[in-house]
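According to TrEMBL, the protein has these features:
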- C124, H167, H171: Fe cation binding site (BINDING)
- E168: active site (ACT_SITE)
Amino acid sequence: MMIYLNTKLYKSNYIINMKDIVKEDNEMLYKKTKPLEMPLSDSDFTLLNNMMLFLKNSQNEQKSKKYNLRPGVGLSANQLGLDKKMCVIYLVDEHGIEHENFFINPKIIRESVHKIYLLQGEGCLSVDRPIYGIVPRNERITVKYKNLYGEEKILKLKGHASIVAQHEIDHLNGVMFFEHIDKVSPLSPPNNATSIY
């Protein structure tokens, strides 16, 4: 397998753009990523901050237009072609709560039985084609992870934030969102599942 190393990604305040993001035909997206050793290296610390900057830029109307970015709420390292178990999330959820999370070696340790889904379906920065179908997710999850400073944290998430975290952690485990869509009835919600948005 060929893995490229884009050294620009590690430069302080490098503006990640759509050309840096690997597409769905890249085998990097279908394999489990390697856990990072702590403490975090300076280069990975910078990379994570650049990834977060990308998400913020992508949600800013002027900056997304300037840099030609698609809006995103999450980004994993393997979407940049890097075999590293880390991702970032930035969104304001359905309750107006801002989530700015750096997840290093994340693991879902608890999940609710009740399922939710986004009515319009999920999208992905690595997928350019439209994909229609319901992606069932756990309404609530508990994530164990390391933060930027190597501290072990446990975070409870629900609703949209839970969906985004599951999408990104799936990436780190080599799973794409469309693999969760029912192939026979892609637009039929699971029993007792609730839509949000």
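Cβ atoms here come from the backbone N, Cα and C positions, even for glycine.
On the structure: features taken from TrEMBL.
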{"residue": "C124", "record": "Fe cation binding site", "CB count, 10 Å": "20"}
{"residue": "H167", "record": "Fe cation binding site", "CB count, 10 Å": "24"}
{"residue": "E168", "record": "active site", "CB count, 10 Å": "23"}
{"residue": "H171", "record": "Fe cation binding site", "CB count, 10 Å": "24"}
Given the recorded Fe cation site (C124, H167, H171), which additional residues of the same chain have their Cβ within 8 Å of the Cβ centre, ordered by sequence?
G74, S76, Q79, E122, L125, S126, E168, D170, M176, F177
In three-state terms from DSSP, label the residue listed as 'active site' for me.
helix
Assigned conformation of C124 (Fe cation binding site) - DSSP reduced to three states:
coil
In whole Å, how far does the CA atom of the residue listed as 'active site' lie from that of C124 (Fe cation binding site)?
10
